[in-house]
Structures are given as structure tokens and as C-alpha cells.
Amino acid sequence: MTDSTLYFVKAFFLGIIEGLTEFIPVSSTGHLILFGDWINFESGSGKVFEVVIQLGAILAVMWIFRARLWQLIRGTLSGQRQEMLFTRNLLLAFFPAAIIGAIFIKAIKQTFYHPGVVAVTLVLGGLIMLWVERRAPRSDGSASETATEERATAHSLEEISWKQALGVGVAQCLAMIPGTSRSGATIIGGMVAGIQRKTATEFSFFLAMPTMLGAAVYDMYRNIDLLTSHDLGAIAVGFVAAFLSALLVVRAVLRFVANHTYRGFAWYRIALGVVVAAWLAF
């Protein structure tokens, strides 16, 4: 296998990793950093590769929710109150990360984008998820709900308040640190704010659209001169792989959260963080 072919195989592999992990609370960026380091993936485009292949994953979400997305756009433009309120909530949740990201993202990438940080944030994020999911279980012993769920005031996207949406947006800012997980921060942040788990997951999917599109376009704009034709080919391969794998994951996640908690993902994060820390130590 030639070096060029191996380069594209690695890009395809990382695209699969991106699609599988973007919409579950385990940190896709953290996994890309860890697996990219493991397989010695060196892209001349740097972190642009990681951001742009996320477009493949987000387009998968847009495809799955295309009917609801079109309804939202059409309703907002025609002045329908329910759709306008939902659009307002998405914008409120989007702007905190957009503002902080535009100002600090370069410093964040230079400071935090390495496996040691990922190990720490994986463990901390897992512990926080366990805390949220384990807050005083229901008296009937239900395995799929907790007191956090019982206290939820928003059980549908239309019931989310502007304060809850803003709280999700603030939580999303934490996801700029690799290993935190954008989906994990927004879903858990939503649950703490009083949004029911499945609804928080759906809102996280919709919020991913402007957030990830904006991040990808911004990174491309800032680094377009650094991209070579070789890098663009690798990005295209990773993009397609992320799109196809994300198509499978999004539907599976929606089915999963209807009947399960996120505890399994929390324990996975903790275990992976410990393994990475041990690997770095020895």
C-alpha cells in the first residue's frame, strides 16, 4: 500500500469515527485526537480536517430531519408563532458558543488539543453524567427515568423556554475543550435546565446544525490558504465516511434514549479516560 493510499484509508477511518461519535455524548473531537494520534494521521490542514469532516455528520442529521427542518424554515418565514419561538431558542443557544469560539478558538486549540486533556475531560464528563442521571431514582425503580426526568418542565421542543435554551447554549461552550462532547454538554445541560432527556437530545441535534456549519465555514475561511489538493481529497473521503456512519447512529440514538439513560456512555467515558491516562503515563 502506497503512502498516499494509506493516507486516504486513515482519513476514511477517522470519518467513520466522527460519524459514530458525533451524536453520542463521548466526544467526537476527543476520539479524533486519540485515534489520529494512534494511527499517526498527519494532515497538512491541521485541525481543519477534524472540523470539516463534521459537515458530513451534520448533513446526515439535516437529511434525517429534513421534513421538520423545512417545516421550521417555512413556519418561521411565514410568521407562525410556534416555529418562530423554536427558531429564537436555537439562536439563543447558538450565540454563546459562536461568540466565544470566534474570540478564543485559536487559543483553545493551541492549549487543549492533546490526549492528556482528553483523558481528564472524558473522566470528568462521565462523572457529571452519572451525577445527573443518578439524582434520586424514581420510587418505582424505573430503569429509564430519574428524578432529573421527573422534574423536567419541557417534554417537547415547543415547550422549551428561552432560559432553558440559553442554558443549553452556555453548556455548549464547554464543548470547545476536547473530550467534553458537544452533544454531551448540550444534552446534560438541557436535562439540568429542566428539559426531558429525549427532547434535550432532539434539541441538541437541531443546535448542531448552525453550530457545526458555522465552525466548519469559519475554519475553512481562516485556513483556506493552507489546504492542498491532497488535503482536500482526504477531507472529501472523511466527509463521506462521516455522513454514512452518522446516518446509522442518529436514528439509533433517538430509539435508544426513548428507553434508556446515558449511564452506559458515562462509564465508557470514564473507562476510556483511565485507559488513555495510563497509556500516556507508561
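All positions are counted from 1 along the displayed chain.
Quick reminder: no glycine exception, Cβ is built from N, Cα and C everywhere.
Beyond its flanks by at least six residues, the transmembrane segment (6-26) meets 32, 35-36, 39, 41, 43, 49-50, 53-54, 56-58, 60-61, 122, 125, 129, 181-184, 187-188, 204-205, 208, 230, 233-235, 237-250, 253, 262, 265-266, 268-269, 272 of its own chain at Cβ-Cβ distances under 8 Å. The annotation transmembrane segment is assigned in Swiss-Prot to 6-26 (among others) on the grounds of sequence analysis.
Residues of the same chain lying 6 or more positions beyond the ends of the transmembrane segment (45-65) and with a Cβ under 8 Å from any Cβ of it are 11, 14-15, 18-19, 22-23, 28-29, 32-33, 36, 109, 113, 205-206, 208-209, 212-213, 215-216, 219-220, 223, 226-228, 231, 234-235, 238-247, 250-251. Sequence annotations record features per position, and here Swiss-Prot assigns transmembrane segment to 45-65 (among others).
What Swiss-Prot lists as transmembrane segment is 85-105 (among others).
Annotated transmembrane segment per Swiss-Prot: 112-132 (among others), in sequence order, evidence recorded as sequence analysis.
The transmembrane segment annotation in Swiss-Prot covers 200-220 (among others).
With a threshold of 8 Å between CB atoms, the same-chain residues lying at least 6 positions outside the transmembrane segment (230-250) that come near it are 4, 7-8, 11-16, 18-20, 22-24, 43-45, 48-49, 52-61, 63-64, 205. As annotated by Swiss-Prot, transmembrane segment applies to 230-250 (among others), with the evidence given as sequence analysis.
According to Swiss-Prot, the feature transmembrane segment maps to 262-282 (among others), an assignment based on sequence analysis.
Counting C-beta pairs under 8 angstroms (sequence separation of 6 or more), the transmembrane segment (262-282) reaches the transmembrane segment (112-132) with 3 or more such pairs.
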